[in-house]
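Working notes for the structure below.
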Amino acid sequence: MNSFISMIRNGYSDTIPVWFMRQAGRYLKEYNEKKGRMTIKEICMDPELIAGISYDPVRILNVDAAIIFSDITIPLEALGYKIEFLPGGPRIINGYIKNHDMKDIIYFEESNFKYKIYDAIKIFKEKYHFPLIGFSGGLITVLSYIIAGGPDSNLNLTKRSMLSDDKFNDYINIIKDMIIKYIRLQVRAGVDAIQIFDSWLGYLSPQTYENYIKGHIEEILSEINVPVIYFSTGTSSIIEKLSRLNVDYISVDWRLDMKLARSMVNKKGLQGNLDPLIAAYNLRYALKETSDIINAAGRSSYIFNLGHGVIPETPVENLKHIVNFVHNFNQ
């Protein structure tokens, strides 16, 4: 059995599984050649291309799982939001600031979702017969994009809306519904697991997380019937609370010591957490930290990953060496 599948289902495998967030990205010349001048949205209209881009890291790096190529903002277009991808990240043209009353914004329906993610997943599974992770943005992270119109520094605009705007619950409900339906679509297409990317969750206080967001996250998770990995950053103060969610693995960033994380997540699995910059700029030290991380996390219920996505400057050879090191750890 593939080590990723064995680990995420059973908590054990003969070798430690490894994959990387943003493993299909700009650091790969194969990705850049396939992408050319195409936009993310144009790529997401071509299911064969999505499947091929998603599989490239498996072939090149020898990772143990692929993740479907897409973007967390892509399903927002089915709600009526207009998205542009700019160098600094996606921008929502008709978000909260310009469209506070949510004019022409509707609930997610698959018939309104034009991107070929479902077809790409089907093609990937039929063509490559390899573990595939689907994904969605986390609730507060996706909300922050539509409220701020793009990345929301420190969640300032999002928290202001959360605390003072009567319409915030309308935004919560429509995004929660979208996340549930978009995950169902991917599960139905055949993904083996789901990762939720809640990169901005750490900007909430523990009390705000409990009082405003946790219940909605629990609703989302109750609708998922494949293994779930929950990724967030800056959440060391609530990691124990996150471990009580109905998830299988907690993916942590590089700022949390893995031994401490293991003591805080009860019996949940762990994923992470090498600093992406270390992986990019100092292979020798990256391998030392990788060893320290694995020793701290332990071999059971553990998936090796970075603490965030691969950065574009990362040498492919560095990641190959890291994968090989993890696979041969204590063999």
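Cβ from N, Cα, C; glycine included.
Here's what Swiss-Prot has on this protein:
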- ARG22, GLN23, ALA24, GLY25, ARG26, ASP71, TYR145, SER199, HIS308: substrate binding site (BINDING)
- ASP71: site 'Transition state stabilizer' (SITE)
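Feature map: Swiss-Prot annotations on the structure.
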residue : record                             : DSSP class
ARG22   : substrate binding site             : coil
ASP71   : site 'Transition state stabilizer' : coil
TYR145  : substrate binding site             : helix
HIS308  : substrate binding site             : coil
What residue among the binding-site residues ARG22, ARG26, HIS308 has the most other CB atoms lying within 10 A of its CB?
HIS308
Between ARG22 (substrate binding site) and ASP71 (site 'Transition state stabilizer'), find the distance joining the two CA atoms and give it rounded to the nearest Å.
10
Substrate site residues ARG22, GLN23, ALA24, GLY25, ARG26, ASP71, TYR145, SER199, HIS308: biggest Cα-Cα distance, Å?
23
Pairwise CA distance, ASP71 (site 'Transition state stabilizer') versus HIS308 (substrate binding site), rounded so that it is a whole Å:
15
